[in-house]
Amino acid sequence: MAVVGVPGWIGSSAANETGQRWMSQAAGQLRLGVPCWMSQFAGRSREIIHTLGADHNFNGQWFRDRCFEAGSAPIVFNITGDLVSYSKDVPLFFMYGDTPNEYVQLNIHGVTMYGRGGNGGSNSPGSAGGHCIQNNIGGRLRINNGGAIAGGGGGGGGGYWNASITRYRYRYVVGGGGGRPFGAAGGYSGGSASTAGTLTGAGIGSKPGNAIYGGNGGNVGSAGGAFGGISGSRYGGGAAGYAVIGSAPTWQNVGAIYGPRV
């Protein structure tokens, strides 16, 4: 809801909107300085505030749904635990151009928001890491970053080792490591296994021979490593995801950033 327009019962409407009977206090809830005219209350809304704790498999559609529930009212998201997107293909936090709010305030309280890590390749390139924030509302998105914003690390490159040209007669699919965080490991067919990324580190590539290895996954904001070997098909690692992609927000505090940003 919002305070009614002029003409209308602005005083009672402002009290219902803000929960404040004193108009000086209602003005504060509506982000107006005192003194002010009550007519300035018309059409304004109090901030809608949400707080989120840790979730390592988070669907960013939740943010979008809360924005549309609030209508044109300004909305505040307080992040108090590490958040990781559920998919490398979906940004953790996305504000498309049709977002209706007066502004969107994102406060990060000493924690990290992550795009998901890219997958390691299986006789193929590593996939790109996921973006953390996609912003298409320009300065209406206000970011106060008291923690970190991290693009997902790229997946490591895989390959195919044709060992028959050496003194061995085996052929191996070589897998790349998953990017940080939680990028899946690439497939492999021999030697030490490739590993997935975790919240705290990137995965490593498989290793079928002393000089043959899949690329390691990238750390947050970094590309994955390339396949290393002397024969067979060799592929590169995936690119890092963006910390913030799209249009530039209003940066109230940039904080720690891992990966490209606008």
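Cβ coordinates are placed from backbone N, Cα and C, and glycine is handled just like the others.
Here is what Swiss-Prot says about this protein:
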| type | residues | note |
| --- | --- | --- |
| MOTIF | 115-122 | motif 'GRM 1' |
| MOTIF | 124-131 | motif 'GRM 2' |
| MOTIF | 151-164 | motif 'GRM 3' |
| MOTIF | 167-180 | motif 'GRM 4' |
| MOTIF | 183-187 | motif 'GRM 5' |
| MOTIF | 188-194 | motif 'GRM 6' |
| MOTIF | 200-207 | motif 'GRM 7' |
| MOTIF | 213-219 | motif 'GRM 8' |
| MOTIF | 222-227 | motif 'GRM 9' |
| MOTIF | 231-242 | motif 'GRM 10' |
| SITE | TRP9 | site 'Interaction with the fiber protein p37' |
| SITE | TRP22 | site 'Interaction with the fiber protein p37' |
| SITE | TRP37 | site 'Interaction with the fiber protein p37' |
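Here the listed stretches are 124-131, 183-187, 200-207, 231-242, and the one with the most C-beta pairs under 8 angstroms to the motif 'GRM 3' (151-164) is 231-242. In summary, the motif 'GRM 2' (124-131) lies against the motif 'GRM 10' (231-242): three or more C-beta pairs, each 6 or more positions apart in sequence, are under 8 Å.
Mean pLDDT for the motif 'GRM 7' (200-207) in the predicted structure: 97. Touching of the motif 'GRM 7' (200-207) and the motif 'GRM 10' (231-242) is ruled out by the presence of fewer than three CB pairs under 8 A, sequence neighbours closer than 6 excluded. Long-range contacts of the motif 'GRM 10' (231-242) within the same chain, counting only residues at least 6 positions beyond its ends with a Cβ under 8 Å from a Cβ of the stretch, are 88, 115-116, 118-119, 121, 123-133, 151-163, 165-166, 171, 174, 176, 179, 215, 217-218, 220-225, 259-262. Same-chain residues lying 6 or more positions outside the motif 'GRM 9' (222-227) and placing a CB less than 8 Å from one of its CB atoms are 118, 120-121, 126, 129, 153-159, 174, 176-177, 179, 202, 205, 213-216, 234-240, 258-259. Within the same chain, residues 88, 116-124, 126-127, 129, 152-153, 155-156, 158, 173-177, 193-197, 202-203, 205-206, 214, 217 sit at least 6 positions outside the motif 'GRM 5' (183-187) and bring their C-beta atoms closer than 8 Å to a C-beta of that stretch. Summarised by DSSP class, the composition of the motif 'GRM 9' (222-227) is 0 helix, 0 strand, 6 coil. Using DSSP to sort the residues of the motif 'GRM 1' (115-122) gives these counts of helix, strand and coil: 0 helix, 1 strand, 7 coil. In the motif 'GRM 8' (213-219), the DSSP tally of helix, strand and coil residues is 0 helix, 1 strand, 6 coil.
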